[in-house]
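Summarising the annotation, Swiss-Prot assigns disulfide bond to C4-C16, C10-C26 and lists similarity to another entry as the type of evidence.
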Amino acid sequence: VVFCDAGITCPSGTTCCRSPFGVWYCCPFLMGQCCRDGRHCCRHGYHCDSTSTLCLR
């Protein structure tokens, strides 16, 4: 289990991400990169594009 904040958890092997509105969500990747839109994320070693819909290396 990964502890995000204030009792919010995500499954092991995932990453906690927080949306701009303060809502936590679980990125399905270990050490994932959270996108600014608060809904998407990328694998470790990749980053989100400006639209937060594509992952770039």
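Placed from the backbone N, Cα and C atoms, the Cβ positions cover glycine too.
All protein chains shown were included, and the count of other CB atoms within 10 Å of the CB of C16 (disulfide bond) stands at 17. Within its own chain, C26 (disulfide bond) has V2, C10, P11, T14, T15, C16, C17 as residues 6 or more apart in sequence whose C-beta sits under 8 angstroms from its own. Of all the Cβ atoms in the protein chains shown, 18 others lie within 10 Å of the Cβ of C10 (disulfide bond).
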